């Protein structure tokens, strides 16, 4: 009985702590984001044949997103990995403004790191459902952040849940030339610098790279670690990876899951794997060996509250350089800027 009470108290304390984080962020430049931004703003209209009148019913925007994500996740359990990557790639370029969703011959989608990003269609289907309910109200930028949150909750069996403030507006610029994402081969110190430029600290970086607990990479991104042996990689693991990634490069496009422990679940397994020398990408393994980050990796691998802390980092990521108020627009379709 006392254990149940203790768990409840801990859960309340964590929610209170995360609420404090949100209030602290509200005092910064993201003041126009707030919980429940769409309350009272999304109303569906129906014609009542008996009275001959049009009735209006308030709809819950976040509930619509949650329901749509649940259906998409049931069809594709890799959805969390796709949306986590989509949100990260969006927020790191022009801020969290859904600029990555814009189609075009020179848009962000055409940049090398974004060629394999997916999930655009899922966001567009959710947008379509919301447009049919309350046209011109909900931004694609908010949908990306909300849908990612819901997919993460599903992929973690409900263990990772975090509140999202809404009120983002959609960007109107999307250029491949603006895409400058941190490479998975750069040193930890350079990765820290890249995150700090976005207002994210070293703790946020270690936690956000924990998104590699789901998803895949391809042999070409880490093959040099196998045949010019990286001494930080577990020997048996290296030999296993060689069976997937031949030295002649013929398997450079072969997929390899980033977390060899629980590749479909958002959990602490990523940190357990890199602690054991089983990191796939260079940056993953370096987190466990660098004096700048290894202490945190060991804490997370040993169960130091990954779920709550990952949620905190996702909240911060979702509020990077957002557009609010009169900035940006509410696109009618996520793939194109509204024509004035």
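Every residue, even glycine, has its Cβ placed from backbone N, Cα and C.
Pulled from TrEMBL:
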type	residues	note
SIGNAL	1-31	signal peptide
DOMAIN	32-338	domain 'Plant heme peroxidase family profile'
ACT_SITE	89	active site, proton acceptor
BINDING	90, 93, 95, 97, 99, 108	Ca(2+) 1 binding site
DISULFID	91-96	disulfide bond
DISULFID	140-334	disulfide bond
BINDING	182	substrate binding site
BINDING	212	heme b binding site
BINDING	213, 259, 262, 267	Ca(2+) 2 binding site
DISULFID	219-245	disulfide bond
List every residue in the same chain as residue 259 (Ca(2+) 2 binding site), at least 6 positions away in sequence, whose Cβ is under 8 Å from its Cβ. 212, 213, 214, 269, 270, 273
For Ca(2+) 2, what surrounds 213, 259, 262, 267 with a Cβ no more than 8 Å from their Cβ centroid? 214, 261, 263, 264, 265, 266, 268, 269, 270, 273
Translate the DSSP assignment of residue 91 (disulfide bond) into the three-state scheme. helix
Measuring Cα to Cα, tell me the gap between residue 99 (Ca(2+) 1 binding site) and residue 334 (disulfide bond) in whole angstrom. 9
Nonlocal residues around residue 97 (Ca(2+) 1 binding site), in sequence order (Cβ under 8 Å, 6 or more apart): 90, 141, 168, 169, 170, 171, 321, 322, 323, 328
Rank the binding-site residues 99, 213, 262 by how many other Cβ atoms lie within 10 Å of each Cβ and give me the one with the fewest. 262
Between the recorded positions 93, 140, 245, whose Cβ has more other Cβ atoms within 10 Å than any of the rest? 140
Going by a 10 angstroms cut-off between Cβ atoms, which of the binding-site residues 90, 108, 267 has the sparsest surroundings? 267
Which state, by DSSP, holds residue 262 (Ca(2+) 2 binding site): helix, strand or coil? coil
Considering every residue in the domain 'Plant heme peroxidase family profile' (32-338), what is the mean pLDDT value? 95
In the same chain, which residues outside the set 90, 93, 95, 97, 99, 108 have their CB within 8 A of the centroid of the CB atoms that define the Ca(2+) 1 site? 89, 91, 92, 94, 96, 98, 100, 171, 174
